[in-house]
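K.L.:
Let me give you the structure first, and then I'll get to my questions.
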Amino acid sequence: MKPILLQGHERSITQIKYNREGDLLFSVAKDTVTNVWYSVNGERLGTYNGHTGAVWCVDCDWDTKNVLTGSADNSCRLWDCETGKQLALLHTNSAVRTCGFDFSGNIIMFSTDKQMGYQCFLNFFDLRDPQQIEDNQPYLSVPCSDYKITSAVWGPLGEFVIAGHENGEINQFSAKSGDILKKVKEHTKQINDIQTSVDLTMFITASKDNSAKLFDSASMDHIKSFKTERPVNSAAISPIMDHVVMGGGQEAMEVTTTSTRIGKFEARFFHAAYEEEFGRVKGHFGPINCVAFHPDGKSYSSGGEDGYTRIHYFDPQYFDFELEA
């Protein structure tokens, strides 16, 4: 399993995202650059330039026409995927922490941070209405006064957004009314990452409380838990196997106090049904900040605090692997 190393960022990676076909991989980092790569050979296709602060989040719509990025420069930007041209610039009062297209690619949501006297908002824009973009007026803006949103994804059919908060709460926000439809609190600490399964029926949360948990998207029922001894920064669900991959390590600021050997910067594989760990992949020289499975399930990528993105193609043995119960 030889990784492809993508060197396109000068600072730590904040998020990586495949498009729906999986031929492209988008990476964003704290160095203001958004890169897009060919996932098959790791060749860089191009960059989306314009942000002036750390870029926290990236998303791509289902037909790979548009790319959405959110940044600490208090803006959310929409790009033409093919040409790299900036199509829209949405100014906010604080840093944009998470962003995403709904399945139709027509509605975008993004959340802003609670900072500098501004509270956290979850904003919804309809891209079919140019007036909303022009006036920078979302059709729906939901205030989250208590705890800020740290990660959010669209649920199935674009009816609601699943948001994780810094106190470990997970809420379903209706995209029509902005009401909280369901609320669960299974984690004790901040939720670092939420990712959905390929069919959007389940989602996995990665938390600072050293665990990742699998939930049903519609009912918000807690299905499985995966425990480690380090904060989990990111977790992803395999599209073809009953596997989840998790990346973590200690807080970036504590990294210098441990040697790389005991730093535990491996990607860890768990069986989704048995909650058993069955494999680890070493590689990064710092905590893993984000992991993502390729939509065909034959490879996965991880982005680290070291500024590298690594694409790992699985060996044939991986697909024959059966966990002995």
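Placement of Cβ uses the backbone N, Cα and C atoms for every residue, glycine included.
Nobody curates TrEMBL annotations by hand; they come from automatic prediction.
Sharing the record's features from TrEMBL:
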REPEAT    6-47  repeat 'WD'
REPEAT    48-89  repeat 'WD'
REPEAT    184-225  repeat 'WD'
REPEAT    281-311  repeat 'WD'
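Describe each of these features in terms of where it is and what it packs against.
P.N.:
Packing against the repeat 'WD' (6-47) from elsewhere in the chain are residues 53-60, 62-64, 67, 69, 71, 73, 79, 81, 84, 252, 286, 289-296, 299, 301-311: each is 6 or more residues past its ends and has a CB under 8 Å from a CB in it.
Nonlocal intrachain contacts for the repeat 'WD' (48-89), taken as residues 6+ away from its ends with a CB within less than 8 angstroms of a stretch CB, comprise 11, 14-17, 19-21, 24, 26-34, 36, 95-101, 103-105, 108, 110, 127, 133.
Only residues 6 or more beyond the boundaries of the repeat 'WD' (184-225), in the same chain, are considered here, and those with a CB under 8 A from a CB of the stretch are 103, 150-157, 162-170, 172, 231-237, 239, 244, 246, 248, 270, 272-273, 275, 290, 292, 295.
Sequence-distant contacts of the repeat 'WD' (281-311), counting only residues of its own chain at least 6 positions beyond either end whose CB sits under 8 Å from a CB of the stretch, comprise 1, 3-18, 20-22, 25, 27, 29, 31, 37, 39, 42, 193, 195, 198, 233-241, 245-252, 255, 260, 263, 265-267, 269.
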K.L.:
What are the helix, strand and coil residue counts for the repeat 'WD' (48-89) according to DSSP?
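P.N.:
Helix (H, G, I), strand (E, B), coil: 0 helix, 23 strand, 19 coil.
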